[in-house]
Every structure is written in structure tokens, then in C-alpha cells.
């Protein structure tokens, strides 16, 4: 891919260079740390839209949950960042017990407000915050939620495909996008074309974000594919790696005319989440990243600070100030929020546990990015799941872009760069 990303002042080449050389290695190091690898998530929530069969027969769909003693001690007793007590720590212990993502200034309220007033303030804050939410994260300790180690359950091809998987994406594109342009993004749609430039910027941005997320997921599935050779079948071993054929079928213009457009949308979604991280930097720099290990928490804070420094220096960020500038666009922002909120709920209808896990993480991360980008004022704090999913979602997009270089090398080495098929690889 060459040329501009479109809808932002950035070239595809500069995005790839920044990601592959600067951001990707830093994110990989950060996401291995306990604060970001363990997430409490409900994978048993009922599909709210149709009767869904969760009985996936494929063994690679299984999610390996954590035992209580596997979770860092400082995280076992904190049920959620939505807990009022967690969001408003007492001033005398704020230095040690402010949960990650909380605004430490809230602790100062104890000196001036009664407990009743303090509780009311938290409820008001939560109510205001709920009006800005683009996703619902059901991680309450009283339901079927459990801690999951994301490193032990990596996103990769599980064999989940066919009508069940297609139904998920049809519901997203046909019911939770804005009609006609969505058909251009839907694989197998009747009108395979780019989103019409005549569409307003806000709708075009929304569609590109969804397409970019979908593209990233498909890139992961192509890059972490179960490759079963004769020796693997004989020994019962598993070998996961890039499947060049799968990648070509999904993205090369000879097989999929919209492939290059979708890869461009991947870079666009990356830029949007990158901008959200830069905008949220003041909040993230106040976070404690609490896991119960003072040394580990300090190291994580330093890693985050280094990433934020690099992100803030990136010169060509997505400019969210160009969106919703006209008064008649306010209702459109609400519609976009409602549609994306529905998409996050559709993740509870995914029939593969591992696909559901990563679908929930990545849509929640994008939802957090939209909350940060579209809120009139920067949120006072981000809950733990918002921080964890935002960084992990950006990590998924970052890895997708990074993997394009590997596919480029594999395609070139296999003769696709100058073949007799009438095209060349230009990733």
C-alpha cells in the first residue's frame, strides 16, 4: 500500500514506519505485564439479539480461564473499576490504594464532603460517564465473569467460520452501520466498492473504523493460522504461522477487489486509536496500574510513560476536531454511539469462546477510544477495563500492521512480486 490514509493528513508509509520501528516493540513489552495481560470478562452473557448456540465443537475455540491464585494479589479483590469505592479512595490511603485509571484528586474530596455527599458525587460522575459510554463491560464479580490471561489465550485462527460467523458480521454491517455504504464493506456484498466520498465525514469515519477493525481481525487469523503438515499430523503437534494463501484470498485485489481499501482502513483505525491514546495521556499518566507489586507497577508506569511520549511526538495524528462541528450533527453522534454500543453487545452472540473474548476486548478498546475522542471534555478517569482494552486493542492493530511486512516478504520470496499472473505485490 502506498499513498495517503485519507480523511487524515498521513501517509501509509509513515504509519507503518512509526508502528514497526517505534510503537510495536514497546507495546509488545507492555502487554506482557500483569496489569495488561489479565482481564476480567463475562464470556457467558446471553446473546441479546437471537438464540445463539455456544457449543463450539472446535478445541481451539476454548478459553483457558485463570484460577484465583494465578491472578496478581492486588487484582483479586478489586471487582471492577465501576465500583464506587474503588473510584473514590480515602485521602489517607490514596497513595497506596488508588486503583489504576482513577483520578487521584477525587481522594481529596474526603476533606470537604460528607460520606453522603461523596457517594452522591460519585453517582453523578458515573451517570455523566454513562452518557459517554460506547460499550458495556460486564465484569461484575457476582455474575459469570472470570479472569482470563490474554497471553495464554492468543487471538488466532480457530476454525470458526461459516454461517454463524457471517451472521455476526451481517448484523454489524447491515443493522449497525448507515445502510448503503455499509454494503461496500461487507464481504460478499452486492456492491463491492469504497465508501462513497459523498457521505458526510462522520459516517465515513465510522464505517472506516468498523472496516479497519474487521480487517485487523482477518489479518490476525491469516497470520496465526494452524499449519498442519504431515509431521504435525503424525506427532499431534501444532504449528501456528502465516498462511499466505489465506491472506491473498482476503486482501489481494485479484481475489478481493476491496482488499487494498480494507488494508487502508486498518491504518485509519490504528490512527484513530493512536490519537485517543495521545488525547488521554494526562489521565493515563496519573494512573497507578495497581497489581499489588510496587516494583512491577512502577515499571509498568514507566513503560506507559515512554509509549505516551512516543505517541505524542507522532506528527500526523487523526484530527477529531473536524467531526460534529455543525449543530445538526449532534444527533448523529448519538446515533453512532448507539450503533457502536450494539456492536459491542453483538460480541456476546459469537459462538467461539476465543473469538468472543478478543471481539469483546477489541470492540471495548475501540469504544474507549471513541469515548475519549468524541467527549466534549477529557474524562476525569478511565476505569481499569477501559485502560486494558484500549492498549490491547491498539496492540492488535499494531501487530496487524507489523505482520504486513512479513506477508510482503513471504509473497516476494514465493514469486508473487513478479509473476505471470498480471500483478505485483505492493504492500
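Note: Cβ is positioned from N, Cα and C throughout, glycine not excepted.
Whatever TrEMBL says is automated annotation, not expert-curated.
Listed in sequence order, 158, 159, 160, 351, 352, 353, 354, 355 are the same-chain residues six or more apart from residue 61 (disulfide bond) with CB atoms under 8 A from its CB. Look at TrEMBL and you will find 56-61 (among others) tagged as disulfide bond.
Sequence annotations record features per position, and here TrEMBL assigns region 'Disordered' to 74-109.
According to TrEMBL, the feature FAD binding site maps to 156, 158, 169, 211, 214, 250. DSSP classifies residue 169 (FAD binding site) as helix under the three-state reduction.
Marked as active site, nucleophile by TrEMBL: 352.
Every protein chain considered, the tally of other Cβ atoms within 10 Å of the Cβ of residue 355 (disulfide bond) stands at 26. Under the heading disulfide bond, TrEMBL lists 352-355 (among others).
What TrEMBL lists as active site is 355.
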Request  = Give the three-state DSSP assignment (helix, strand or coil) for residue 156 (FAD binding site).
outcome  = coil
Ask   = When you measure from the Cβ of residue 156 (FAD binding site), which residues in the chain that are at least 6 apart have a Cβ under 8 Å away?
value = 60, 220, 221, 224, 225, 226, 240, 354
